[in-house]
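Q: Below is a structure I'd like to ask you about.
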Amino acid sequence: MMLPRCFVTVLLMSSVLYIGGETSSEVLGPVVSTEAGSFQGMELTTHGERVIYAFLGIPYAKPPTGLLRFKKPQPADFIQGTYKATEKPPSCFQLDSDLQLPWADPDSPMKEDCLFLNLWTPASLSTEEEELKSVMVWIHGGGYTSGSSALDVYDGQTLSSSGDVVVVTMNYRLDAFGFLNSLTEDAPGNMALYDQLLALQWVHTNIKYFGGDPNKVTLFGESVGAFATSFLALSPLTKGLFQKIMLESGSAYNKLTVNSIDQAKNNNQLATLVGCANETFTLISNPEEVVACMREVAPAKFTQTYYKELGSEREKINFIFWPHFGDDILPTRTAELIKEKNLTALFAGVNSVEGSALSVFFFPEVYQMFVESNLTLTKAYATILMNEFFKVFNFQDSAKAIEFYLGDVEDDDEEGIRSALFGVVGDYIITCPTIYLADKYSERGANVQFYRFDRRPSTSQWPPEWMGAAHNDEIQFVFGMPVRYPEKYTEEERTLSEYMTRTWTNFVKSEDLKLKNGSQWPSYSLSEPQFATLQTNEQIIGSGQRKAECDFWRPYFDI
């Protein structure tokens, strides 16, 4: 499957909101001795004068450089002396695209030596078993080509202090560094997932020294971070590393996976562009030599130069830097993996207009046309765009899908036409795969609760009101940005953020979720697929979210 490079930036912007500044005071904190070494963190006085400790930039793997580039990660060496864990780590090398907005740029330097994690913990730091805190481990989104645990929006201090939990965020390798596949151990693909696995193993071994309970770990993520979270939940290699998951806008039923052979064939194009392969000397025919050559290529050449060599944005393709099935971490496809797992608790949800931001990056010129030139979106043009979208995914029943979404929309109903376009993109990529996994968890007897985020942030980077609550808009509320930066938000948004951080951390601690009025959050089941809205006005309980749309798509997914 060949994806336009502009589409990669869709999920790229996922989870990379940056709002600068800090509100907490910082002083050196205690030294914590672990099985990985001794680490000195910072003491933070957060909102409400709560004190927590932050340990930033802890290495969990050896630098994936030199001979270790493109290989599975190796555990970091034991640290001699005391490691000063007071600065967020560098970001992993990632895409430099003209489509990224300024606020989507990483707020730290990019380095290949980037496999670090950060953690925030309540100041008690008790290691007594009965006093250990529940743990939340976050996997950021970004299309597997962008993102960083150093971004301010992922600062875990508010979650930790408000919810009395330990919060962990991690970097993992991106783009070619995380997914190059030569069909050999020199570059086996899925390195990013193995990075995440190693970080979870580090947490399991060491989190008790920071006051966290290794037996009460919840893994959560957004967009491809949610994809990865649910993949890891189904992997045979993660047994005992975490107990439940939370998914924000995404699941393992997504269409953005590949088989190894196709991945290697497409990765050969990258090897050719950086001067390490040609028509007769390929990544598949000569993997050892080609990968050895690629280890000598400057990191920036992978993430910048070769994309620019491909010409226009429309011509840029995704070299299929996505997870693949068929190795130890993902032995087979999601539908088979899920049969083998004992599924426990799931809290999941989507945003009300997932497809708006995704459509903008899939067709960036369209957004500019409608916003800057005030043009009208017609059914004819929407049909062209939908057909282009379906070509990317090699979807054969495009006429049937277009009729389903546009057939009953009047020619002069621009709002309805726009809603249909956003629906196609959002339903296919995010909303329906998330619902399908919730269905499967419920079918297997797991405790499932579902939300729909409905608030368009006052800090939104999207001028048109019709963008709505777009992909990734909920993250700033989950991590408490309105609490940390009240001057940038309304009082209603601050209240919503406080409620959401409480909801997320309550799920982690007890799964006892409450609605705003104090009543019980509804359970999600196949017979009653109930959800609760997250918005600044009255909370609504709904059922069968996007039911007709997801029933339409269901036969096209391997569930």
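Count begins at 1; order follows the chain as displayed.
Note that Cβ sites are derived from N, Cα and C of the backbone, with glycine treated the same way.
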Q: By the record in Swiss-Prot, which of Asn374, Asn517 is the one labelled N-linked glycosylation site?
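A: Per Swiss-Prot, the residue annotated as N-linked glycosylation site is Asn374.
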Q: Pick from Cys6, Cys92: the cysteine that Swiss-Prot pairs with Cys114 in a disulfide bond.
A: Cys92
Q: According to Swiss-Prot, Cys550 takes part in a disulfide bond; indicate which of Cys293, Cys432 is its partner.
A: Cys432
Q: If we check Cα distances from Gly143 (substrate binding site), which of the recorded positions Cys92, Ser223, Cys293, Asn374 wins as closest?
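A: Closest by Cα: Ser223.
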Q: Tell me which of the recorded positions Cys92, Gly142, Cys293, Asn374, Cys432 ends up closest to Asn342 (N-linked glycosylation site) in space, Cα to Cα.
A: Cys432
Q: Using a 10 Å radius around each Cβ and all protein chains in view, which of these recorded positions has the most neighbours: Ser223, Asn278?
A: Ser223
Q: Among Cys92, Cys114, Cys293, Cys550, the disulfide-bonded residues in question, whose Cβ has the most other Cβ atoms within 10 Å in this structure?
A: Cys92
Q: How many Å lie between the Cα of Cys293 (disulfide bond) and the Cα of Asn278 (N-linked glycosylation site)?
A: 12
Q: Cα-Cα, whole number of Å: Cys432 (disulfide bond) versus Cys92 (disulfide bond)?
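A: Cys432 (disulfide bond) to Cys92 (disulfide bond), Cα-Cα distance: 30 Å.
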Q: Please report the Cα separation of Ser223 (active site, acyl-ester intermediate) and Cys92 (disulfide bond) in Å, rounded to an integer.
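A: If we compare the Cα positions of Ser223 (active site, acyl-ester intermediate) and Cys92 (disulfide bond), the gap is 18 Å.
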Q: Over all shown protein chains, what is the count of other CB atoms within 10 A of the CB belonging to Asn374 (N-linked glycosylation site)?
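A: The answer is 7 other Cβ atoms.
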